[in-house]
Amino acid sequence: MAEVSAKSFIPDSLPGATADIAGQIGMLWELIRAPLIVPLLRISVYICLAMSIMVFIERLYMGIVIILVKLFWKKPEKRYKWEAMEDDLESGSAAFPMVLVQIPMFNEKEVYKISIGAACNLSWPADRMVIQVLDDSTDLLIKDMVEKECIRWASKGLNIRYQIRETRGGYKAGALKEGLKHDYVKECEYVVIFDADFRPEPDFLRRSIPFLVHNPDVALVQGRWRFVNANECLLTRMQEMSLDYHFKVEQEVGSSTHAFFGFNGTGGVWRIAAINEAGGWKDRTTVEDMDLAVRAGLKGWKFVYLGDLQVKSELPSTFKAFRFQQHRWSCGPGNLFRKMVMEIVKNKKVSLWKKFYVIYSFFFVRKIIAHMFTFFFYCVVLPLTILVPEVDVPKWGAIYIPCIITTLNSVGTPRSFHLLFYWILFENVMSFHRTKATFIGLLEAKRANEWVVTEKLGDALKNKSNKKATSKKLPRFKLGDRILLHELGFAVFLFVCGCYDFLYGKNNYFIYLFLQVITFTIAGFGYVGTIVPSS
C-alpha cells in the first residue's frame, strides 16, 4: 500500500515555490510519522475498539433483557399492585387523590391551546385536580393569549391557575419548583408534568395514578412519547428511530431490572413526597429531570415505566432546534455525572449492583462513551488510518461489531428499517455535536448551563405556507444563518481521506467516506429538516 505524503495530493506540474513547500511538509511528515503519529494513532484505535466493545456489550445486554421481559416478565399491572379508580356513589370524588397538573411554558404561541386543552380534558374529578400553567413567556402578547385561554377553561368549572414569575431563574426547574410552593398545592399528593407540546389521552391519570396509590414505595410512573409529526421530514424520522429505541428498550430494561430509569421531564407522574425527600427540583444542570430521578433513586424510591401509556408530542423539525436540544441532552448528563458520581459511590441506601448500573451503564456507557466512540472512531480515527497504513483496524472492529450494534438499535422502529443506513450517517454527524456537548458538561465549560427552549412549530409552517401562496412571495432564507463551518470542515477532511483511499487504499472505505461526506455537506449547508422561510 502506498504511503501518504504531502506530495500525494499536489500535482507535479506546480512550479518551484509550491513544490519546495510541499517537499518540506513531506519531510516533516516523514520525520514525525514513525515516532509520533503511528504510536498515537495505534493507541487511539485500541481505545476506540475498547469503547466499541463496551457499547456492544451494553446493547447486547439490553437486547437479551428486553427479549426476556417480553417473553417471561409480568406486565407492570401484575408486578405491582394496581386497581382501577372507580367512582364511589357514597363518598363521591373523595376517593380520588388530589392531583396537580403542571404545564411549564415559554413563548409557546403555536401549541399552548393544545396542551392546556388536553390537560383540561383529563378524565379526573374536577374538584380533585388543579391545573397549573407555569408561564415564563417574555412575549407580552403570548402571555396575554395564554392567560385568556386559562380564563376560558376556568369559566367551564376547571380549577386552573395561571402562574407567572418575575424572572426565569432556574428555567424549567425553577418554574416547577416555584409552582410547588403555592398553598393550594399542599393538598395535592401527586404531580403530573406535561410540556407545552404534549397531549395526554383522557385516561392518562386513571391508568397511572393507581400505581402510586397502591404502592407506597413507587415515586414515578413514566409514560411513553409518541410523535404527531414523525412523518413530517427525514429529520423527524431519524429522531423517531432514536427515541423509540430509548423508550422501548432502555426505559423498559431499567424499569424491569432495577426499577430505575431517567425521568423524561414530561409525560410522567411524581409522588410529591418523593420529590421533597430527594431535595426538590435543582437547576444545577440542563437535565433537571434526570437529576431529580437519580437523587430519588438513591433514596430507594422505585420507578415504573408504562410502554402502553402513550402521550402524543411534537419532535423538533428544524435542524437548528434539534441541535440546541441535543446540546442540552448531551451536556446535561455529562455535567450531572461530574457532580454526582461520588455521591452515588458513597450512597448506602441502594445495592452495589444498582450503583454499578447507574454509574457504568446509565451514565458512563450510554451518556458518555456512546457519543465519543461514534464520533472519534468513524469521523476521526478510522479516516486517519487510511493516511497512515502502518496502523490497521481489524475488520471485527470496523465492520462486524458496528453492524450488530446498528441492527440492535433498529428494533425500536421496524417501519424505518429501510432508513437505517442514512440514520447511521446522520448519527455520525450529530455525534460531533453530542461529543462536544459532553466534554463541555464534563469540564463544566462556558456553555454547560446553556438553556435554549426547543422551538415547536405546531401548524405555524402550514399557516405560513398558505400565506406565502396567497401573496405569491418567494420564501427568503438567510444563508449565513444556515452554513455550519464545522460540518463543512469535516466534509473536506473526509473527502481528502476518501480520495486517498480510492487511489491507494485496499479496504474500500472510500464508499462509506464519500457517503459520509455527502451527509456532512448537506448538514453543513443546513438542508436538514424543515426549512422555515423568513417572514
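Cβ coordinates come from backbone N, Cα and C, glycine included.
Look at TrEMBL and you will find 190-384 tagged as domain 'Glycosyltransferase 2-like'. If you look up TrEMBL, you'll see 43-73, 356-387, 399-426, 483-503, 509-532 marked as transmembrane segment.
Listed by sequence, the residues of this chain that lie at least six past the ends of the transmembrane segment (356-387) yet keep a Cβ under 8 A from its Cβ atoms are 4, 41, 44-45, 48, 51-52, 54-55, 58, 61, 250, 254, 257-258, 260-262, 294, 297, 330, 333-334, 336-337, 341, 344-345, 393, 398, 402, 427-428, 431-432, 434-435, 438, 442, 490, 493-494, 497-498, 500-501, 505, 507, 509, 513, 516. For the domain 'Glycosyltransferase 2-like' (190-384), the mean pLDDT of the prediction comes to 95. Listed by sequence, the residues of this chain that lie at least six past the ends of the transmembrane segment (483-503) yet keep a Cβ under 8 A from its Cβ atoms are 2, 4, 8-9, 379, 383-384, 386-387, 429, 432, 509-510, 513-514, 516-517, 520-521, 523-526.
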